[in-house]
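Some notes on the structure that comes next.
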Amino acid sequence: MGVYRIRVSTGDSKYAGSNNEVYLWLVGQHGEASLGKLLRPCRDSEAEFKVDVSEYLGPLLFVRVQKWHYLTDDAWFCNWISVKGPGDQGSEYMFPCYRWVQGRSILSLPEGTGCTVVEDSQGLFRKHREEELEERRSLYRWGNWKDGSILNVAAASISDLPVDQRFREDKRIEFEASQVIGVMDTVVNFPINTVTCWKSLDDFNCVFKSGHTKMAERVRNSWKEDAFFGYQFLNGANPMVLKRSTCLPARLVFPPGMEKLQAQLNKELQKGTLFEADFFLLDGIKANVILCSQQYLAAPLVMLKLMPDGQLLPIAIQLELPKTGSTPPPIFTPSDPPMDWLLAKCWVRSSDLQLHELQAHLLRGHLMAEVFAVATMRCLPSVHPVFKLLVPHLLYTMEINVRARSDLISERGFFDKAMSTGGGGHLDLLKQAGAFLTYCSLCPPDDLAERGLLDIETCFYAKDALRLWQIMNRYVVGMFNLHYKTDKAVQDDYELQSWCREITDIGLQGAQDRGFPTSLQSRAQACYFITMCIFTCTAQHSSVHLGQLDWFYWVPNAPCTMRLPPPTTKEATMEKLMATLPNPNQSTLQINVVWLLGRRQAVMVPLGQHSEEHFPNPEAKAVLKKFREELAALDKEIEIRNKSLDIPYEYLRPSMVENSVAI
């Protein structure tokens with residue numbers, strides 16, 4: 001009993017405030033008090049007032065909120081509510097919200113310290129946990145967009161999503177304005193699009209318009225160079241294909257007369273400097289038909305050697321897998337006529353674009369993050385510390401993925417209009433890539449070791465990914481161990497175990513055979529798994545997202561489709577090259593989508609810089625502060641390093657990494 005001081009914070013996005021009246025209740029261990037009608041919340045503001053409570057409440061557990069409307073339901077975005085108990089020595093309690101309050105239902109906000117089911121030994125939050133998860137499971141249902149792929153949220157359109165998963169107004173306006181600009185560019189380029197074919201490589205300058213980056217300019221000027229071609233496997237938009245060779249690939253059948261090449265490859269293999277990039281997943285994928293015109297795919301293998309100065313140079317390209325009973329496919333080398341070698345590299349770059357967008361970017365980034373998001377909402381109540389740890393890294397993921405399924409990979413979407421894997425092939429490729437998606441491949445310490453990339457001084461992706469993983473893991477361990485003091489506490493947390501099973505058994509459709517756990521038996525294992533989730537939603541997505549505008553804007557460096565079959569002889573000409581590369585319409589579509597996806601966003605939260613305080617207690621704040629300090633130190637290190645590099649690598653700079661999959 002006594003006078004309580006109450007503060008209420010409203011979000012800063014457009015329409016976050018409300019003209020409706022808000023009622024509050026305080027719920028303590030020993031009683032409950034109705035505070036009545038207290039405010040009409042204003043956007044980006046903090047309201048403060050005092051209330052004299054006659055009941056003895058004891059330690060506070062919840063604040064209950066109800067928004068009352070008469071004619072119009074004007075939703076309110078509540079950040080948090082703070083309550084300070086009576087007297088100068090009264091305890092201050094923080095109740096995080098960070099969600100929309102709408103309708104007339106009563107919303108219960110638990111005190112923000114967070115607790116597991118093991119910590120909640122008195123069952124003070126048990127009923128709240130059960131009721132919240134029951135409601136969430138009806139709101140967040142699993143969907144199956146396409147048979148054979150991992151599951152997604154059940155939402156055919158944005159309006160089907162729970163309101164808390166939709167873009168807030170500032171994000172929506174910025175995103176949709178960019179879409180309008182892309183449409184206008186297509187209209188402006190209509191005269192170019194009516195040209196049926198480019199005549200020379202210089203013609204691609206017609207669509208290389210303003211808005212490109214300095215790196216895109218460098219790509220345009222250097223894309224033909226072998227060292228530049230090899231660099232992209234180390235530090236380009238898709239650093240996920242390259243691995244160190246431990247033997248010559250079985251598919252590498254040498255045609256007669258290539259004994260010297262075979263000897264060279266064996267020599268590099270013995271030295272440990274032989275690397276490969278195998279696009280075998282594209283083998284057997286049906287190519288698209290665009291406007292009645294057949295498109296083509298290849299499944300290249302690239303063999304590369306690591307030079308003493310750190311350059312990675314291609315030494316052989318095989319465009320297709322050998323077929324039983326057929327003549328071995330040709331192997332292209334740098335000693336071939338320049339046009340043959342350039343055409344072979346263009347085929348590799350086109351194949352890399354297909355795998356980048358579907359495997360590295362969509363599957364390993366967007367779709368995995370969506371599985372984590374849906375499982376988290378279904379299995380972890382808002383009072384759970386792992387929910388609090390994860391939720392900033394799940395912001396906007398569901399909406400951006402619904403938009404992708406509606407606009408990019410849908411029937412008559414961008415893939416069908418411009419990509420050689422469109423028309424259904426992209427769906428088959430997603431399924432095949434999913435079958436090769438392992439737990440270890442999502443964890444840089446395991447993935448980089450398995451691919452033999454840890455000791456390459458010029459592989460800045462590997463260096464930065466490993467550093468970021470280590471920083472994230474220390475952050476996760478620090479937060480996790482505040483609530484889990486023993487391995488048994490992990491084993492006994494049935495909410496945490498349910499969340500893990502939901503990801504592996506349900507979302508990933510039974511991925512135990514690929515190393516994903518169905519239970520968490522120790523603090524170390526749980527922290528590793530949670531680190532994987534956060535890394536996937538942040539750093540890994542950024543590593544393959546941020547480079548799109550740099551590496552894919554110059555169309556010949558990443559052709560969205562190929563209009564002639566892969567060459568079987570070495571007699572390429574400029575006419576054949578131009579007839580193979582995308583036509584003007586396809587090129588325009590490519591750069592517009594690349595710009596939309598790859599542009600730097602006005603509304604962007606850097607890694608670890610979320611303003612939401614889901615952990616208000618001092619111990620957790622100290623862990624977050626240390627995390628941010630380590631990120632800032634790494635950011636400065638990368639900035640200094642990049643000044644000495646010919647090509648700066650910035651895709652894993654913490655200040656550039658998005659805090660969630662939001663674009």
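Placed from the backbone N, Cα and C atoms, the Cβ positions cover glycine too.
Here Swiss-Prot flags 2-115 as domain 'PLAT'.
The annotation domain 'Lipoxygenase' is assigned in Swiss-Prot to 116-663 on the grounds of sequence analysis.
Close to SER149 (phosphoserine) in the fold, though at least 6 residues off in sequence, lie LEU367, LEU427, LEU430, LYS431, GLY434, each with a CB less than 8 Å from its CB. If you look up Swiss-Prot, you'll see SER149 marked as phosphoserine.
Summarising the annotation, Swiss-Prot assigns Fe cation binding site to HIS361, HIS366, HIS541, HIS545, ILE663 and lists sequence analysis as the type of evidence. Same-chain residues at least 6 positions away in sequence with a Cβ under 8 Å from that of HIS545 (Fe cation binding site) are, in sequence order, HIS361, GLY365, LEU597, GLY598, GLU658, ILE663.
Least packed by the Cβ count within 10 Å, out of the binding-site residues HIS361, HIS366, HIS541, is HIS366. Secondary structure of the domain 'PLAT' (2-115) per DSSP (helix as H, G, I; strand as E, B; remaining residues coil): 0 helix, 65 strand, 49 coil. Looking only at the domain 'PLAT' (2-115), the predicted model's pLDDT averages out at 92.
Its Cβ placed at the centre, ILE663 (Fe cation binding site) has 23 other Cβ atoms within 10 Å.
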